[in-house]
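Record features, source TrEMBL:
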TRANSMEM  26-52  transmembrane segment
TRANSMEM  64-83  transmembrane segment
TRANSMEM  90-108  transmembrane segment
TRANSMEM  114-137  transmembrane segment
TRANSMEM  149-173  transmembrane segment
TRANSMEM  179-197  transmembrane segment
TRANSMEM  232-257  transmembrane segment
TRANSMEM  269-289  transmembrane segment
TRANSMEM  301-321  transmembrane segment
TRANSMEM  327-349  transmembrane segment
TRANSMEM  361-385  transmembrane segment
């Protein structure tokens, strides 16, 4: 016999805190989210001079970043059950200190410290991201506000990803490629101190926006509890498939524009900025929409499905439909749609994760790390076997799987139907 989902009260829009109020409360977490992106952004931006200093080929040094992804995946799974017991006031500064140490190691320009840099950054980001999302969620007790706070964290990360490279480049022009890493280390330490002394960064309620108190699950209990939540399992699966498709598309986007339109690297930066801006806009707006529909399973699924279908429809436009204008429009729609889906998943976990919120955020981050690798592999295989049409087919498959997972999601909420019949 299946458990019945308890009704979820639709949030009253009038009760919602404004974005200005939310930002004022969680600003240390937003700054920490930005800092978390900077080490690998600097590493990618200055790959050529770093490789020259290390005396290694760019392919070797660039490939070291994969170590960070593998470390993030393993760390995310291992620490997931522990995050519910850790306060963001402690865990987030610890992760930022790791990022500062890693950045100083990278500034040496030697190969072994660069290996340690990638391992430390992978470990630190696997800890930092779910802690920040859970901390933002628990900073509010009204329905919907916690989810909105979490999506503002991800929207801030997106904006930082668009703006960070030019700012780091300006620092490098002033003092060489090592200066940005030194600046990142200093900023990480200052932010760690700000989080450590700020009571606003601490969790205000176990159990998140519902305001209910939850005893954190024991380590060995956490995974079976997640397994019993079809809504969380489906959300994490959808997020993993979305990341697989989107990261695969981004990995080969420059190649697509080069093959189709002969777009050189200097002009492709415009396309990259367009994609990043569209993703930020989609994440920001969808976070507001998701808060409004959080009390309705049907409307939540419609929001998630709209992002999935939009991403599916836009990909062939970018890759196959003639005309640069169509490709640019498709790129914007593609990024916007994926952002809608990402924000919907974040809100669902924040709003309905309950005692498993931190666990689910950590597993979701691990799934995204897996998706980064799967996307490059799946997209590369499709491109190698059948050219651009093969790329479309290969990267559409994960989105079709995501649609299937949405149909399996079931009721949404802490008392949602379990994954297995009991």
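Backbone N, Cα and C atoms are what each Cβ position is placed from, and that goes for glycine too.
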What parts of the chain pack near the transmembrane segment (90-108), using Cβ distances under 8 Å and only residues at least 6 beyond its ends?
29, 32, 35-36, 38-39, 42-43, 50, 83, 114, 116-117, 120-121, 123-125, 127-128, 131-132, 135, 178, 181-182, 184-186, 188-189, 191-193, 195-196, 201
Who are the long-range neighbours of the transmembrane segment (361-385) in its own chain, taking Cβ under 8 Å and residues 6 or more past its ends?
66, 69-70, 72-77, 79-80, 83, 126, 129-130, 133-134, 226, 235-237, 239-252, 255, 345, 349, 353, 391-395, 397-398
Go through 64-83, 149-173, 232-257 and flag the stretch with the largest number of C-beta pairs under 8 Å relative to the transmembrane segment (269-289).
149-173
Out of 26-52, 114-137, 232-257, 327-349, which stretch has the largest tally of CB pairs under 8 angstroms to the transmembrane segment (179-197)?
26-52
Between the transmembrane segment (149-173) and the transmembrane segment (232-257), do 3 or more CB pairs sit under 8 angstroms, pairs being 6 or more residues apart?
no
Would you mind listing the long-range same-chain contacts of the transmembrane segment (327-349), meaning Cβ under 8 Å and 6+ residues beyond its ends?
133, 147-148, 150-151, 154-155, 158, 231-232, 235-236, 238-239, 242, 245-246, 249, 253, 256-257, 260-261, 271, 274-276, 278-283, 285-287, 289-291, 294, 300, 303-304, 306-311, 313-315, 317-318, 321, 357, 360-361, 364, 402, 412
